[in-house]
Number of protein chains: 8
Amino acid sequence: MLDEEKITRAIVEEYLDSFLDHTSVEVGLAGAGPANLVAAKKLAEEGVKTIVYERKLNVGGGMWGGGMMFPRIVVQKEATRILDDFGINYYEYEDDYYVANSIESVGRLASEAVQAGAEIYNLVKVEDVLIREDDRISGLVLNWSAVDKAGLHVDPLAIKANVVIDGTGHDAEVCRIVEEKIPEADFNVLGEKPMWAEVGEKALMDTTREIYPGLIVSGMAANAVSAGPRMGPIFGGMLLSGEKAAEIAIEKL
Amino acid sequence: MLDEEKITRAIVEEYLDSFLDHTSVEVGLAGAGPANLVAAKKLAEEGVKTIVYERKLNVGGGMWGGGMMFPRIVVQKEATRILDDFGINYYEYEDDYYVANSIESVGRLASEAVQAGAEIYNLVKVEDVLIREDDRISGLVLNWSAVDKAGLHVDPLAIKANVVIDGTGHDAEVCRIVEEKIPEADFNVLGEKPMWAEVGEKALMDTTREIYPGLIVSGMAANAVSAGPRMGPIFGGMLLSGEKAAEIAIEKL
Amino acid sequence: MLDEEKITRAIVEEYLDSFLDHTSVEVGLAGAGPANLVAAKKLAEEGVKTIVYERKLNVGGGMWGGGMMFPRIVVQKEATRILDDFGINYYEYEDDYYVANSIESVGRLASEAVQAGAEIYNLVKVEDVLIREDDRISGLVLNWSAVDKAGLHVDPLAIKANVVIDGTGHDAEVCRIVEEKIPEADFNVLGEKPMWAEVGEKALMDTTREIYPGLIVSGMAANAVSAGPRMGPIFGGMLLSGEKAAEIAIEKL
Amino acid sequence: MLDEEKITRAIVEEYLDSFLDHTSVEVGLAGAGPANLVAAKKLAEEGVKTIVYERKLNVGGGMWGGGMMFPRIVVQKEATRILDDFGINYYEYEDDYYVANSIESVGRLASEAVQAGAEIYNLVKVEDVLIREDDRISGLVLNWSAVDKAGLHVDPLAIKANVVIDGTGHDAEVCRIVEEKIPEADFNVLGEKPMWAEVGEKALMDTTREIYPGLIVSGMAANAVSAGPRMGPIFGGMLLSGEKAAEIAIEKL
Amino acid sequence: MLDEEKITRAIVEEYLDSFLDHTSVEVGLAGAGPANLVAAKKLAEEGVKTIVYERKLNVGGGMWGGGMMFPRIVVQKEATRILDDFGINYYEYEDDYYVANSIESVGRLASEAVQAGAEIYNLVKVEDVLIREDDRISGLVLNWSAVDKAGLHVDPLAIKANVVIDGTGHDAEVCRIVEEKIPEADFNVLGEKPMWAEVGEKALMDTTREIYPGLIVSGMAANAVSAGPRMGPIFGGMLLSGEKAAEIAIEKL
Amino acid sequence: MLDEEKITRAIVEEYLDSFLDHTSVEVGLAGAGPANLVAAKKLAEEGVKTIVYERKLNVGGGMWGGGMMFPRIVVQKEATRILDDFGINYYEYEDDYYVANSIESVGRLASEAVQAGAEIYNLVKVEDVLIREDDRISGLVLNWSAVDKAGLHVDPLAIKANVVIDGTGHDAEVCRIVEEKIPEADFNVLGEKPMWAEVGEKALMDTTREIYPGLIVSGMAANAVSAGPRMGPIFGGMLLSGEKAAEIAIEKL
Amino acid sequence: MLDEEKITRAIVEEYLDSFLDHTSVEVGLAGAGPANLVAAKKLAEEGVKTIVYERKLNVGGGMWGGGMMFPRIVVQKEATRILDDFGINYYEYEDDYYVANSIESVGRLASEAVQAGAEIYNLVKVEDVLIREDDRISGLVLNWSAVDKAGLHVDPLAIKANVVIDGTGHDAEVCRIVEEKIPEADFNVLGEKPMWAEVGEKALMDTTREIYPGLIVSGMAANAVSAGPRMGPIFGGMLLSGEKAAEIAIEKL
Amino acid sequence: MLDEEKITRAIVEEYLDSFLDHTSVEVGLAGAGPANLVAAKKLAEEGVKTIVYERKLNVGGGMWGGGMMFPRIVVQKEATRILDDFGINYYEYEDDYYVANSIESVGRLASEAVQAGAEIYNLVKVEDVLIREDDRISGLVLNWSAVDKAGLHVDPLAIKANVVIDGTGHDAEVCRIVEEKIPEADFNVLGEKPMWAEVGEKALMDTTREIYPGLIVSGMAANAVSAGPRMGPIFGGMLLSGEKAAEIAIEKL
């Protein structure tokens, strides 16, 4: 006999066990777009305690809609090994241009990251960071994103994290908080440049970096911070940026 | 050298090839929630030409948020074989109560359906049905959901389908169109009843049925049409309903 | 040294303990207006396991604003003993007319109910009821009200309750759910009548009653269900209605 | 026999008497959050003529929602004496970490302040200040907050106050008015810093101060003006800030 | 020397004296459109204690905009004596068609009604009626209209009135309340008919009547209740309807 | 027999005649608040061709609501002669403080201005100015304010005016256009200062002035441009400012 | 030398001449979609005094967006002669299927109707009808549509028309007014049926008819009134419906 | 027999062919207002591969509404040859002032541009530009405007263009993107000046120019960029600006 009380208890106990298990993590990621999902899988595979916060109900960021609502994405050759790693199918359109289904891609990115051991909390917004006297980001300040959307005035909670990765896309939300609130931070969120796919994809390898002690930036947020060109619906650079962000994070731990 | 024009052409050509390949299908599904994703996978595995239309940017319906924004779902024993089939992990909470990660679950449901061969178009809304003189639903009338959200006045396009499955959740959107526009349809969308998980889960096996020639109803839409109780964040019945809807559809082809 | 992680853990653990302690209660109250706060205090004082759900961030319902935003309320003589019981000050305006400060009154109603042992969860909306084969309300279906305000599609959770008290004011929200979803319920929410303070206050003693097995109605919801007149900013009847609802609930346990 | 006319007269006469009695006060407080409610109680207990204006319908500010909608707050040891003074219960979670019920806490803060003799007007917004030739804030300019929310164009009224306390939280509303309109004011509202509970709590003892002749700032407004770190759902500093603001005000009278 | 405190006291004292002087009136009018302003002037001139409630910030109803935003109105010959009485200028356009300035007209209607001794409260909404055992409307239930526009939940106050005149235009707001809440009321608000100026103007002399004990209806509300045709920007009938409503009211006192 | 076509023609012909008669005026006033209505009456009485544009449906600006929605205003002794001139009643509250009814006052200000010969167009917004090579404002650019409120993209029309008076209140709309678009204009709209009735009232006599060739500023717009203090619901200075603006305009013609 | 005053006068004089020339017409059309533009051209070519009112800023109705925002429409063979008549290019896609550019098509439909002598007023909404004792629609009641969109309360004006054609699309706005306000009208607006292009196109020849004395219905409004199927982005029936509506109108004159 | 599937295929295939045919063009125009429609016709007539993107559903920009919603425009003598070229009728109002119907004018501008061979895509927004190492605009980044209006997060696509013409009106959208994102661009969008028809019309001949390699600006966007005066509803300059922009573009190819 199914019992609603037990269903309630099962969900609440599992969640709060998970929550209490993640009040202190090694890497906390803001945003569950393609770059951070790649990063999360890699980190979890390396045994790093990893959690991703996403303010929307769903994960996957801007990948769902393909280009102009046509649900296909393009990936260049050098990044197809990441598609392979996630079990995403793709078709060759022309030399170096591979097309994948955007919905399948998001599905695999999300499920593989979780199965590798990363925790993902959706509907949670990173609204600030924790700081300490060593001028280092030392954690994240969280709230339900519904609190904000509903216009409520409710205090946040905080967790500790050794390293934070900002993969919140064009808005570079965590970087903007640090830029605005910590005057000694020596970077500015410059905003992305006009589109130039070739240069934008390559720039990501340089713009994916630690920009403040404890804060790494990945994906479009990386190009937005460092004024790299935007690329449109080609995602190879995004996936590789996630991989690189994970590598930098592991180094910093 | 990456070239934006080629990226554009790759996406548009792939999409429009797909679009033209799906102007006539065997089964057209409205809504990409859990039930219809299970149905789509099964249909595609059986070699049925299958397409799913989802009006949101993402698929997965109400499963993302778990229960009360705690991202976990419960599945009872009899449905764990579907989780196995999709490669979704789960943990035993207590006899007959299994807990899964809601984000991983949606990811797998979506990616497996696509990999089995079903096409999914997100951001497309089913706004009406096609009829013919044999009083049978013979296709779907489609529009970009953004047209509606943006308050634009733009005509739809239509595709043919031998069978239609309405898996649009509580709103039972296709059923309501048929109820309102075809007086000879002998059903009413009664709305779901108060919560009673045990009865609601079982009811789904009966309420998942062909309610008008060419129109099958699945998932919460099935209970909504037939006044079954609602169940909350237990998803076994939903998954089994999708499976059954696919079986009925295959029979009707 | 204050530590944010510990602050987080203290709040989450206390809440989790409380939540799991209240997945099954003796009396579940919907709405934390004056009537239900009086009922909750009385129930808790009698040792009844009691929880109140309020969808707003604050409790107190329509009492905060006094009459036309002038923050004073009127209470007639027979109800001043309840003010005394809650430690609320009042001043005699004229025979049988006592004036109290609306803000002080809400403050005391809320704090005394909690101190008596009732749990109150704000920001939680009762969105449905649980039913069983004996045609009896057997619990409440809950969701964060922010989910609704933010337009999200997230499943609810449910708790069991032997008795439910609907004190949601003019809207009589739980009663409306029962009226709409359970055809065999033999009442209709008739709506309150034009103002007539004398009759409205007295009517509350009759309209506060069990209107469906397991469902008691209190405060303005009682008059709204039974077409009693409205009363304006006189609150004696509301307070006495809460007291009576508690007495009926205790009888039914 | 209850008579609606008498109810109306009772409320309006009491309000009118109170309003006319408070067109000139010793201390006028903007905002009825935790800090200002503590300040108001202390001032009233010292016999100071005190009025608090709150633009929302309810008082209590951001305390209602605890942390992330879990209705519990944390208070450190040194501030538990204020909880005792207000009759608020609390439980020891761990050394120096005490947990209280957020709803009970607001209820007591509000009712005790009123019972001590402070007047509180809700739904009234401080929209400007009065100035005189001695470059001193000498009163407050008031309007119904509903006027603003309804988009109406209606003139305000003004009252005199020897001292003003701005306890309007993060927005520091009165301070911003002074900053913008009085160029000779030598402060800027700097905004609060990232979270650091330990430092933020201590900073409040310094940031709670007279920042312009006749204008004291309390609670989160104090840290917001002076760029102190934010603290999250720990409230000891807030309560102590209210106490200190009252002491400074008494000194200035 | 001007003193803000005295300005505040002057306004509040005058207003609250007026308010307390009008908690019981002979005639209470809902809506300050042209018909009710004519009625109010006539009633006041006859020494009747009269108050008009208007929910907008301004009075004059639909007369300000003339026809299609061209600020002119037309009045037929038989009603020019009312224009004369109010001191409104007009010009002959053709036999029986006189044109007046819509802005001047509203100005005069309002100022003359007040100068005759009628009180007008703007920004106050009639949200219900008072009833007594003799099945007679015996007063009005009032609230600030800003409360409603701002979405606040605040109780109303009530005043007594021997006779009520509903001049709220097409919506016939008071009539609709009576129709909905008092089943024994034997009228329905039928809504106005298509435009036919000739018939509509004449119909007003019949439709202006007491439709429920204590409730008279005037102006467009009269035609809306009794399904008279609408007339457009010709105002003679409106003015005469106000005059007639006043005569009926005097008779009933 | 009333004929709708004739009603239409009467209104449109009268309006057309008026419109074409005012494509070139001596003084064009933006805003129909108290100051500009006084100015318009005085100008018209002196035989000056005068038109007032008001973007709202009604005229009277912020005077309707008195202070805090209590419909009374205060006027000091020196301005009562203007009340007398307009036929507005007032009552002595105390030496030098006279109270008038805000609704009667607006009614008289509007009707007397029209009867003196000034044209007033409501629902028309001044969206820009005309300039010529002599660096002088030489006219006004007009549009229906409904065009803006409805979010339409429609071109304006323009009229010529020898002198323009900006009486648009706190926003000083015409002055802001000139400030932003004409760099050689040597003033800035500084915004009004905190409230100080005594100083604010007196400042108006200085701040009412020609601030750019052909542009005079009156009423609260005058204090807003020149950083004078605000005054609250005392209107003597406003009325006198209107009178002075008219005098300056006549001088400039 | 260009002079703004002359530009203003040119536009206002031409418009108001036109307006006064059209206060009484032979045929008044509501809605400027494809059907009514065809009707207007034909009527004007026959020398009938014709005016079209369109509430949007642009004309062309739902034709602009083609199908699903792909700006192409389809026309069947029998209607290509109307395309020829309007000078619209088209291409054969397949037997009996001709494709035209949707933007070019609207442009020609509009410009040819005007050049044939029909007047079109955009931004004007038909908000009611005129009636007379012979139970016949005898004119249209008009208002600026911006009045409605801006939420203003402004009276309409009316014009006379011997015959009215409702071509307002799915909403059948004029028909709904007649259905609701004239009980003796013996039709109901049934709403369009599911899509069936073949039947829908043919149905239009029957559903385009006089449904009430003086009221003809055309285009999608015709199918909406008579429950014909909808057709999607095929426009032949629409064009032929406009032609037929004109023929019926001419017959009735 | 009409077949919906064929209608769908006809539209999608034609669109796809057109889309793929325009992934690389000679001139890409942003905005389909009067200036760009003139430019598009001229370019197409010269055999230049031309496409126009318009984010609204309709084309024609601000011309539809004439002046103040009176649907007439004025054109001076020197530009009447362009009216002649497009087949637009006009009437002489006075020497050098010609009046045309605004609806007919838009219709002709649109249809003639398409018939000359220019492609126009409505509902498509230019949201960025393509750049290359030679610091030259080399294409446009496109998205459905409904994506933006619906608040969706969907990636754009891009096309190549040798020359781009920004004719997006007052907002000068493409110019603002270049100004903000390319620091080396040596222009600023200054905004248009107050109205002065004579000077504004003439200025357009100078302000219509290439302001950045590959980017020409036309129509009101040209005056907005270069701080030319605005002109109101006189359109000669706009039409001539379009012609000039086309000439500059041809020169640059």
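Each residue, glycine too, has its Cβ placed from N, Cα and C.
Listed in TrEMBL:
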- B:ALA35, B:GLU54, B:ARG55, B:GLY62, B:VAL126, B:HIS153, B:VAL154, B:ASP155, B:MET220: NAD(+) binding site (BINDING)
- B:ASP155, B:HIS170: Fe cation binding site (BINDING)
- B:ARG230: glycine binding site (BINDING)
Should any of the binding-site residues B:ALA35, B:ARG55, B:VAL126, B:VAL154, B:ASP155, B:MET220 have a Cα within 10 Å of the Cα of the residue listed as 'glycine binding site', which are they?
B:MET220
Any idea what DSSP makes of B:ALA35 (NAD(+) binding site), helix, strand or coil?
helix
Return the residues near B:HIS170 (Fe cation binding site) by Cβ distance under 8 Å, restricted to its own chain and a separation of at least 6 in sequence.
B:GLU192, B:MET220, B:ALA221, B:ALA224
DSSP-derived structure type at B:MET220 (NAD(+) binding site), helix or strand or else coil:
helix
Secondary structure of B:ASP155 (Fe cation binding site) (DSSP, helix/strand/coil):
strand
Drop a 10 Å sphere on every Cβ of the binding-site residues B:ALA35, B:VAL126, B:MET220 and tell me which sphere holds the fewest other Cβ atoms.
B:VAL126
B:ALA35 (NAD(+) binding site) to B:ASP155 (Fe cation binding site): how many Å between their Cα atoms?
29
Report, in whole Å, the straight Cα-to-Cα distance of B:VAL126 (NAD(+) binding site) from B:ASP155 (Fe cation binding site).
12
Can you tell me whether DSSP puts B:HIS170 (Fe cation binding site) in helix, strand or coil?
helix
Quick one: of the binding-site residues B:ARG55, B:VAL126, B:ASP155, B:HIS170, B:MET220, which have a CB under 8 A from chain G's CB atoms?
B:ASP155
What span in Å does the NAD(+) site cover, taken as the longest CA to CA distance among B:ALA35, B:GLU54, B:ARG55, B:GLY62, B:VAL126, B:HIS153, B:VAL154, B:ASP155, B:MET220?
32
Which of the binding-site residues B:ALA35, B:ARG55, B:ASP155, B:HIS170, B:MET220, B:ARG230 have a Cβ less than 8 Å from any Cβ in chain C?
B:ARG230
I want to check the contact list for B:ARG55 (NAD(+) binding site): same chain, sequence separation of six or more, C-beta distance under 8 angstroms. What comes out?
B:ASN122, B:LEU123, B:VAL124, B:LYS125, B:VAL126, B:SER145
Count the Cβ atoms, other than its own, that fall within 10 Å of the Cβ of B:ASP155 (Fe cation binding site), considering every protein chain shown.
26
Quick one: of B:ARG55, B:VAL154, B:HIS170, B:ARG230, which binding-site residues have a CB closer than 8 A to some CB in chain H?
B:VAL154
Within the chain of B:VAL154 (NAD(+) binding site), which residues six or more apart in sequence place their C-beta under 8 angstroms from its C-beta?
B:ASN143, B:TRP144, B:VAL147
Sort B:ARG55 (NAD(+) binding site) into helix, strand or coil using the DSSP assignment.
coil
